[in-house]
Number of protein chains: 2
Amino acid sequence: MAIQMREHKKDSVSEMIEWLARFGRTANGGVTRLLFSKEWREAQDALKDKMESLQLQTYFDSAGNLFGKLLGTEPGGKTILTGSHIDTVLDGGKYDGAYGIIASLLATTRLFQKYGFPKKTIEVISLSEEEGSRFPLTFWGSRNISGAYNLENVKDLEDDDGIPFLEAMKESGFEPKEYQPSIRTDIERFVEIHIEQGMILEKNQNTIGVVSHIVGQRRYTINVVGESNHAGTTPMLYRKDAVSTTSKLITYLTEKAKEFDPQLVATVGKLNVMPNVSNVVAGEVEFSLDIRHHQEDVLNRYCEDIFTEFERLSTDLEVRISQWMDVKPIAMDEEMNQMIRQIATEKDISYQDMVSGAGHDAQVFASICPTTLIFVPSQNGISHSPKEFTRIEDLETGVKLLTEALYKLAY
Amino acid sequence: MAIQMREHKKDSVSEMIEWLARFGRTANGGVTRLLFSKEWREAQDALKDKMESLQLQTYFDSAGNLFGKLLGTEPGGKTILTGSHIDTVLDGGKYDGAYGIIASLLATTRLFQKYGFPKKTIEVISLSEEEGSRFPLTFWGSRNISGAYNLENVKDLEDDDGIPFLEAMKESGFEPKEYQPSIRTDIERFVEIHIEQGMILEKNQNTIGVVSHIVGQRRYTINVVGESNHAGTTPMLYRKDAVSTTSKLITYLTEKAKEFDPQLVATVGKLNVMPNVSNVVAGEVEFSLDIRHHQEDVLNRYCEDIFTEFERLSTDLEVRISQWMDVKPIAMDEEMNQMIRQIATEKDISYQDMVSGAGHDAQVFASICPTTLIFVPSQNGISHSPKEFTRIEDLETGVKLLTEALYKLAY
């Protein structure tokens, strides 16, 4: 054990990132680690071994979440939970999720090596699933802990190869028949550190983002139905052109988003034209609309504005609006955020408050305990890609900040 | 022969349409008759038999064009040519092309039965190819006659199944090794009657369209290249969103086309987004642009206007404009058009001058001889579809008008 300890002392954050990225590495340097896959299981098992070699007590819950526990000395104390998710998107990056687990593990280990056992129990968590990349649901890991999900929510789900969720779960060693609810009521606080996946910190030359809110998300599928016609023989005024009407709607919603609120984003990322032939006036367009902001009121007012205008702009074409996602905005704990800002100031780390435009496990934990979410920069804002990159210095600054935060919370 | 004559006297235009539509009929009532296909050859052979039974002299040229000749009595006279194309698009209608052949055949037969041989030779032509539906070229039939095309133009072409043009030609009985140029220098005039394929006659309640011009066509592929980003974490002002920029370009070009000239049409019918994912800001859009007008000057000014504006609207995104079609506008013969108007007036047929927004064989013949193009209405403007329909009364009015025109030109 003493020898192992010496070996592990040498682990730097960048070495740990590379080590974990070996599980599921893709041909072009990315990582694919889908829930309950072989690579996913290997990564969790390797992390378990690593945690044990660092003298943490380990266990899995029924949802596939891995815990590494450093017992607190105070009797009956609650747990300070810290970590992130182990799963990735298809051909994703090395940092998304993984960094949060590694930073939590390093911070906890450093505290233990320096100060011994904490007053309050610290648990490092490697959450089983957040991305929704294999099965059509997200936050399987954290939502089992919060109690929002259990086997009922997945019994009919299949992946793209037709493999049922429950079969994949069993195959991976988590027997559904032995499933026990993973609900936790003993978590006092949750701390997550994650890459920003945007370019705000980089543009502002800040190393740390203190997340005040995670945005609400509304997603829609919109169909504009006109009339398909001959591109040569149909005068402009006789047309019911789905492409040109759609263009007006997109131009309006984009310009309106820019002026409505600096933190509102509205995206049309997917667009399909029918019949999609160069010399035929399009009869129908279907497009996606993704709207995000951290205030429900702003989302309400923006949506009301654009959907009213859609009616006006579409004249004699039909516009069908169908909503398929409505995630409410959620605030992080201001007291914890104030602690993070204070640590950053003390340690001369540049930071800023910001809103998270992406979803994170922290939003699930925020519903059951005070939670904070900390960002480190993403080069060029690139994420979900093998090109995802964060400088070693920034990764290490994040670990230092997290170490200090856990010290304040648990020692 | 007398018995045959009696039989054929009974042929009405609608019976002939149904008869010809049997060759290549599709499951849902459309017609597929691609160049050099079995159905195409059967249709040409059946037409040849029909022409012979009506006492026309028949022959094919090397390009697969079928002629039915009614010899003129004047020595050394030139030919009055009339007809249209026998090929169709995939699952097209019964009238496009076919009506022009049938109307020409009926008109010539009626004249012969009533007045005997004409002074000038009349030839009814069933042109081999106009649509470009099997091989990537159009007007194979008429452009062999004008001299614009010969075997050189098709030696490298293949259809979607990889069958070379020359092999299909040979298979259909037109041996490339025996190819003789089909150029004709003895055509005095060309008269084509065709369905409008638009809704202008129907909207104006007119039965005949006298085509003043066939539009010029310019076609472009336009690429808008921006930057793919996360839809949640990229503020609106940091985006290089290819979809929203494309929407501005399409909105501009469409609105500008409406106000620029009532007969200008500009169509974006095809549009592909990359990566086309709902929660990713699009990095690139490729779209088609089809612009038509009968005056080169209008096309020039409009294109200059929109492409200048494209630069301004695209700001820091790249816009690549690539032209792949430039067909010049062409005028029909005003003297012949005046004759058509006069006949319509005499016979109390409602008519109007109009521009053809679609291409027709008449535009090829207009480069070698005075040419006129006459339209009959298309119900709801629908064409290139099994739903293509023209009322029997309108078909018959067209035949009567054409009969009178050929009488004036050849008798």
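The backbone N, Cα and C atoms fix where each Cβ goes, glycine too.
The record from TrEMBL ties B:Asn279, B:Arg292 to allantoate, and of the options B:Arg184, B:Arg189, B:Arg219 it ties B:Arg219 to that site too. The Zn(2+) 1 site in TrEMBL is built from B:His85, B:His194 plus one of B:Asp61, B:Asp96, B:Asp186, namely B:Asp96. In sequence order, the binding-site residues from B:Glu131, B:Arg219, B:Asn279, B:Arg292, B:His384 that place a Cβ under 8 angstroms from a chain A Cβ are B:Arg219, B:Asn279, B:Arg292, B:His384. For the binding-site residues shown (B:Asp96, B:Glu131), fewest C-beta neighbours within 10 angstroms: B:Glu131. Its Cβ placed at the centre, B:Asn279 (allantoate binding site) has 19 other Cβ atoms within 10 Å. Proximity of B:Arg219 (allantoate binding site) to non-local residues of its own chain (separation of 6 or more, Cβ distance below 8 Å) is seen for B:Ser288, B:Leu289, B:Asp290, B:Ile291, B:Gln323, B:Trp324, B:Met325, given in sequence order. The record gives B:His85, B:Asp96, B:His194 for Zn(2+) 1. Within 8 Å of the mean position of their Cβ atoms, the other Cβ atoms in that chain belong to B:Ser84, B:Tyr95, B:Gly97, B:Ala98, B:Tyr99, B:Gly100, B:Glu130, B:Ile195, B:His360, B:Asp361. Taking all protein chains in view, 29 other C-beta atoms sit within 10 angstroms of the C-beta of B:Arg292 (allantoate binding site). When the binding-site residues B:Glu131, B:Asn279, B:Arg292, B:His384 are screened for a C-alpha within 10 angstroms of the C-alpha of B:His85 (Zn(2+) 1 binding site), the residues that qualify, in sequence order, are B:Glu131. Checked against B:Asp96 (Zn(2+) 1 binding site) by C-alpha proximity, the binding-site residues B:Glu131, B:Asn279, B:Arg292, B:His384 yield B:His384 as the nearest.
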